[in-house]
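Q: Pasting in a structure now, in structure tokens, and then I'll have a few things to ask.
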């Protein structure tokens, strides 16, 4: 595995010193890295009374390796909180990003804790794909002396709830690992479950381990050690929406908005590849409709996180109304004894299908009942922010942040419905209106550190967003590396997002190649994966020249089809079978040369 490029501008080492340090630590285990960290900290603080961490005596249990496998940041936050808990308990812990973990050393781990989310159709988060593939391959080693625990985050509105955590848990046990604790599967409202689990992990590890000397953690890839800001998911910045521009044509079936948000003098910083978290307000009209369907008024007092609020206010600001789940359907059916819904109870597939096709308000319309206000609140999930890939680079836009928003709109039996965050941004926040935002850093979707490295960008639809940021950054840096964009959408005349900008980059020689797939402009549908196969020989040449490959967009179909096409290109032009091509692509992923931001 190659070492991720450091933020050299922030380091007090020159390149030669940094290279020597990296060479000296390449083959160290997490326990050895933790000891080295503590040793140097002690050297620098001889008068503070600090005690350098010493290796565990023979026969004693070594430190804990804590792997964070995060897609939207929640798993990372849980892992960081557990790290702090373990350090407070005087236990030696190494926190490592799954993308940085040297997974071939897993058989030497004594204590292993994994905190993971799930994406797409039950796949692991991007940073954990290589580890997942290794564990499920023939190369996986027996875990003869490894004790482990898994905390899994998911969303019950998806069919493959917490599947990644289930996979890690079952495979580690199958390979011979000993469970420290039973796996915990947490829904969107994960905080209470995580807090309880963290306490149990600390207790069980304290009971197994001798008390260690005060220790230092090695947080490889833990972005909170690099990115600091007073504005977070729980304490967002109140910014100003300055531009809301429709960038699809009048006759397009899609409504895509270019949104610009003014960060003012907040000092909020981001990098190309990061996401913008947006807290939104539910549509007051939707709240009114739901309240009236339940024969309520909206002024009924309800308790939310220990505070008393009017029902309508609670529904607007604190609860998810636009995404139904199987659990909500089942609980509503049981609570109301609905004759139409009770037959679904116990049938997971039918519950999932009903939830996916019937919004909460229409479930209530089709199966009316009378609930008191607090019972309604008890059915619902807390509102969560939506994440949008950032479509700008601060090297060009400075104190602004841009996003590309596909507005979700559809009808249910003639009644207009819309996505919560997208309709909020597109239609309910006026220009110069307030919007609460934060940056979700993504160090697993970064431009190459070397500006001469070629870049291949694959982003159909709104997946184009981060590549606009990439090109702004490459242009501002004067990067000499070649750039190749694959983009697709239904129609050239209606759906060519940011067309003028791409044409300008081509004219200026910044964008060296652009391949476009218009799926509805001819009888035969053409997608970006077809363009990849069409350009297979040249694509393979770029890969051999060290190109980094980036994919952004839909995880369910597009990302799967694109990866299949890449494997076929690698197999054909690299003279490999598909299994070898898969190993090759996995190695590119480990080297950070194949990165995806899919959702």
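Just so you know, glycine gets a Cβ as well, placed from its N, Cα and C.
Residues or ranges marked as domain 'Flavodoxin-like' by Swiss-Prot on the basis of sequence analysis: 64-202. Positions annotated as FMN binding site by Swiss-Prot: 70-75, 117-120, 153-162. The annotation domain 'FAD-binding FR-type' is assigned in Swiss-Prot to 234-448. The feature FAD binding site is assigned by Swiss-Prot to 322, 356, 386-389, 404-406, 410, 419-422, 599, with sequence analysis given as support. As annotated by Swiss-Prot, NADP(+) binding site applies to 519, 520, 525, 526, 527, 528, 529, 561, with the evidence given as sequence analysis.
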Q: Rounded to a whole number, how many Å is the Cα of residue 599 (FAD binding site) away from the Cα of residue 73 (FMN binding site)?
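A: A Cα-Cα distance of 13 Å.
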Q: Given the binding-site residues 70, 117, 158, 406, 419, which one's Cα is the least distant from that of residue 520 (NADP(+) binding site)?
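A: Given the candidates 70, 117, 158, 406, 419, the nearest one is 406.
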Q: Non-local Cβ contacts of residue 386 (FAD binding site) (under 8 Å, 6 or more apart, same chain)?
A: 277, 278, 280, 420, 421, 422
Q: Can you tell me the CA-to-CA distance separating residue 519 (NADP(+) binding site) and residue 406 (FAD binding site), as a whole number of Å?
A: 18
Q: Output, ordered by sequence, the same-chain residues six or more apart from residue 527 (NADP(+) binding site) with a CB under 8 Å from its CB, or 'none'.
A: 460, 488, 517, 519, 558, 561
Q: Could you state the whole-number distance in Å separating the C-alpha atoms of residue 419 (FAD binding site) and residue 525 (NADP(+) binding site)?
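A: Cα of residue 419 (FAD binding site) to Cα of residue 525 (NADP(+) binding site) measures 27 Å after rounding.
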Q: Roughly how many angstrom lie between the C-alpha atoms of residue 70 (FMN binding site) and residue 388 (FAD binding site)?
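A: It is 16 Å, counting Cα to Cα.
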